[in-house]
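Novice: The structure follows.
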């Protein structure tokens, strides 16, 4: 079977490399001089060709050489139809929050140069843009470590990794739409957030009045700001008609509660500083908020496995996915801004039932010692035992609390223990974990930033019912009833991801915008707006 016939009988949907090379030569009229020009372009970079190739981020320059080497350094972009197809795919990246002009569209919009060396350089530049675009789409435009560090346990890598950028690019030359579709994260959250972003960027940005600060606005109050509030709600379709009255009536309250629930706020109808900030955020800022969160989903697309525990830090929520389907979801309390919950991926390995609580160093230094110095009776009220470094009990009266040294404060298991009935453990350098809590009333607040970095879970026993076999749950119930501290290893370790998003789409398809609790959006947006071309 010759190569022309093989064009219609592809293996796994793509041409073999040798056949592709032969077809390229035959169809595009490429000769040895064109291949020599490509090789020479690599040899003389950057002085004679494409200085940008040596300064591009990530590993595209190395990929570029291997990309051409696999195909005998044959020119790839002489055929107008292929150039047009790539131009279309690059233009569509605007819907992903990426800047199409970063990918040198001018080289695709103009015919190839007549000079052989210039034509080779143009071909290299187009391939560079192709590889770079696939890399940005599949892995992210900005290096995550430089903006929002994310720790990954060495043994938590996805066992089914996504295709490499080089494989995508090489196999996708004959089907560029398929290459870009494969590179683009297939996650439902990414696809729906992308649709929301694309829809909003295509229409004129809405404008709405600024609502001045003032007293807390409560239901049934009269206030001169109410007409402005009504106009603001009408601008985004939360109400159909704007009342002329200054009365904050039931219909407006209901609209405000819907607005609050869509913006990660306490849906109580009260308009205080947090609600005013959300109401006064411009449509442009909201559009950029979607853009930065598309980047965050690109960063993590390869980390989210079919079965995953996912902690949404900014949303104060835990979700459990099995076979990529949402199986369980509950509210969470996360670290306050001064003690942020870290971003990480690890594997849940065990449960601690009826856990004791050993006070972490930061909490000891900043919270506990000042209280103890004021009143030694604090230890008894908090049911804290004082231990030496070997775990032996100490008499609190014998400790120099100004310079206590290497002591340990520990609280035994019980109803007042901060970890509640159980803790979910996974390896990480931050000493964080998921746990139960006696502070159940705080789950009714929003946002829920109350912890010192660990994640408190509402309904944690119901989560175990979803996670574990019935027999394991029965054994756990028996051990919990004993009151004894017990380590319970899982039969299979479970991937867990703690990540930060300020915009997402919920299970019902509603767009949810949150407060940027840890003030990260602006830095990421600035990095996305930085030109690399």
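Glycine too: its Cβ is placed from the backbone N, Cα and C atoms.
Quick paste of what TrEMBL says about this protein:
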- 1-27: signal peptide (SIGNAL)
- 307-477: domain 'L,D-TPase catalytic' (DOMAIN)
- 435: active site, proton donor/acceptor (ACT_SITE)
- 454: active site, nucleophile (ACT_SITE)
Novice: Among the active-site residues 435, 454, whose Cβ has the fewest other Cβ atoms within 10 Å?
Specialist: 454
Novice: Could you state the CA-to-CA distance between the residue listed as 'active site, proton donor/acceptor' and residue 454 (active site, nucleophile) to the nearest Å?
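Specialist: Counting only the Cα atoms, the answer is 8 Å.
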Novice: Could you please provide the mean pLDDT value for the domain 'L,D-TPase catalytic' (307-477)?
Specialist: 95
